[in-house]
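Peer 1: My questions all concern the structure below.
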Amino acid sequence: MQGGRVVLGLLCCLVAGVGSYTPWDISWAARGDPSAWSWGAEAHSRAVAGSHPVAVQCQEAQLVVTVHRDLFGTGRLINAADLTLGPAACKHSSLNAAHNTVTFAAGLHECGSVVQVTPDTLIYRTLINYDPSPASNPVIIRTNPAVIPIECHYPRRENVSSNAIRPTWSPFNSALSAEERLVFSLRLMSDDWSTERPFTGFQLGDILNIQAEVSTENHVPLRLFVDSCVAALSPDGDSSPHYAIIDFNGCLVDGRVDDTSSAFITPRPREDVLRFRIDVFRFAGDNRNLIYITCHLKVTPADQGPDPQNKACSFNKARNTWVPVEGSRDVCNCCETGNCEPPALSRRLNPMERWQSRRFRRDAGKEVAADVVIGPVLLSADPGAVGQQEEGGDGAAVMVPSVGTGLVCVAVAVALAAVGVAVGIARKGCTRTSAAV
């Protein structure tokens, strides 16, 4: 495999009422053409016929991932110490020397996993990292790094024992009904904003289209703002290195840089939706080729006008000025000075102090806010390593890799024990990252 990081995708689901089931397995192998990778029940490892390099079990409180050390189907076993789970780089739980497998077992919230909330589903997203150690001669390596995204899907209304999941909710403000629900979400969208898109296959020079939303069961009129966004190499926005994309209560500061086109999209499709685009980037000096973006989303009543603390401002390079999505241009004046806090908080804070002070802040009942993480967004090391999505049989989706790239895409048909359901990677709704308040 040449010139890039391998990206594989796994998806695992639990269906309401299913207490346990045999985990689904996926096999893959190279068949002549080094770019012609395939997944499915008929694939065979060149080392061990019928072996499954990666198997996932989505259990009630944890996930269990088993990785065969012949990860690439070449007959060459990788070093178990080179495999880790999640952004926190958790080590394996056990080794099976007889079967040459490495097993990771971790709680659903452990090892830096990201949880997503959709109206019907809880989605836990993590990844397996393969970072090969140098060969005996430290100036060379013989295999490429690999990132294997993993998702576990659970019904939000019921758990696997058929007992209702009862999350704790907070009302929008004291005037709203206690039955109301606020669900904040970030979605990665296609170029025309019509559908969600996978998190893989981005290259430097591409654009990330991000859609922020808030929904309530009773549809109380709300206006959504993206207060701040920080990119990092993990879901922890406080980690280092980090990069501020949106700051100062809604100023898209990345668009102020000369070589970017980052901006909010005007007009909004709805008051409770806000879209913005950013130019793809990576962190210099880091070979992981991935980023997480943590955004602080908040809402105000729809009839409350924008102000310096509640705004969405982009920098217009042609006019050399900041412009708002709505409201008077005066609300954006503070974007240039960086002093957008109300008088009581007007002291100049560094970006991380501002970030920490805003987490889940409620301002006298006028706003409800939450931090939402989107990622990992995976970058292709090689130009042209973007797959094309096609529909496959039995509800599966097929990601067809471009010829000559190191990107491995998948076709998945998942069989759940006693349940006649098939699900696939990159289906609509599987790339949404949300937070419920």
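In case you wondered, yes, glycine gets a Cβ from its N, Cα and C as well.
Fair warning: this is a prediction, and the values are worked out from it, not measured in the lab.
Pasting the relevant annotations from Swiss-Prot:
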- 1-20: signal peptide (SIGNAL)
- 21-405: topological domain 'Extracellular' (TOPO_DOM)
- 57-320: domain 'ZP' (DOMAIN)
- C58-C152: disulfide bond (DISULFID)
- C90-C111: disulfide bond (DISULFID)
- N159: N-linked glycosylation site (CARBOHYD)
- T168: O-linked glycosylation site (CARBOHYD)
- C229-C295: disulfide bond (DISULFID)
- C251-C335: disulfide bond (DISULFID)
- C313-C332: disulfide bond (DISULFID)
- C334-C340: disulfide bond (DISULFID)
- 368-380: region 'Extracellular hydrophobic patch' (REGION)
- 406-426: transmembrane segment (TRANSMEM)
- 427-437: topological domain 'Cytoplasmic' (TOPO_DOM)
Peer 1: Out of C152, C332, C334, give those disulfide-bonded residues positioned within 10 angstroms of C251 (disulfide bond), comparing C-alpha atoms, in sequence order.
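Peer 2: The disulfide-bonded residues passing the 10 Å Cα test are C332, C334.
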Peer 1: By the DSSP assignment reduced to helix, strand and coil, which category contains C335 (disulfide bond)?
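Peer 2: In the DSSP reduction, C335 (disulfide bond) maps to helix.
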Peer 1: Does C334 (disulfide bond) have same-chain partners at least 6 apart in sequence with Cβ under 8 Å from its own Cβ, and which are they?
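Peer 2: Correct list: F248, N249, C251, P308, C340.
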Peer 1: Between the disulfide-bonded residues C58, C111, C295, which lies closest to C332 (disulfide bond), Cα to Cα?
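Peer 2: Comparing Cα positions, the candidate nearest C332 (disulfide bond) turns out to be C295.
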Peer 1: Do me a favour and check the Cα-Cα span between C152 (disulfide bond) and C111 (disulfide bond); whole Å is fine.
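Peer 2: That separation, Cα to Cα, works out to 14 Å.
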Peer 1: Here are some disulfide-bonded residues: C90, C251, C295, C313, C340. Which one has the most Cβ atoms within 10 Å of its Cβ?
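Peer 2: Output for this query is C313.
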Peer 1: May I ask which residues of the same chain, at least 6 positions away in sequence, place their Cβ under 8 angstroms from the Cβ of C111 (disulfide bond)?
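Peer 2: Sequence-distant Cβ neighbours: L85, G86, P87, A88, A89, C90, T126.
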Peer 1: Can you count helix, strand and coil residues in the region 'Extracellular hydrophobic patch' (368-380) using DSSP?
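Peer 2: Reading the DSSP string over the region 'Extracellular hydrophobic patch' (368-380) gives 0 helix, 12 strand, 1 coil.
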Peer 1: Of all the disulfide-bonded residues given, namely C229, C295, C313, C335, which is spatially nearest to C58 (disulfide bond) at the Cα level?
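Peer 2: Answer for the nearest of the disulfide-bonded residues: C295.
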Peer 1: From the Cα of C313 (disulfide bond) across to the Cα of C335 (disulfide bond), what is the distance in angstrom?
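Peer 2: Taking the Cα atoms only, C335 (disulfide bond) lies 8 Å from C313 (disulfide bond).
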Peer 1: If you count, for each of the disulfide-bonded residues C152, C335, the other Cβ atoms lying within 10 Å of its Cβ, which residue has the minimum?
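Peer 2: The disulfide-bonded residues C152, C335 were compared, and C152 has the fewest Cβ atoms within 10 Å.
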Peer 1: Taking only same-chain residues 6+ apart in sequence, whose CB is under 8 Å from that of C229 (disulfide bond), what do you get?
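Peer 2: Listed in sequence order, they are A244, I245, I246, I293, T294, C295, H296.
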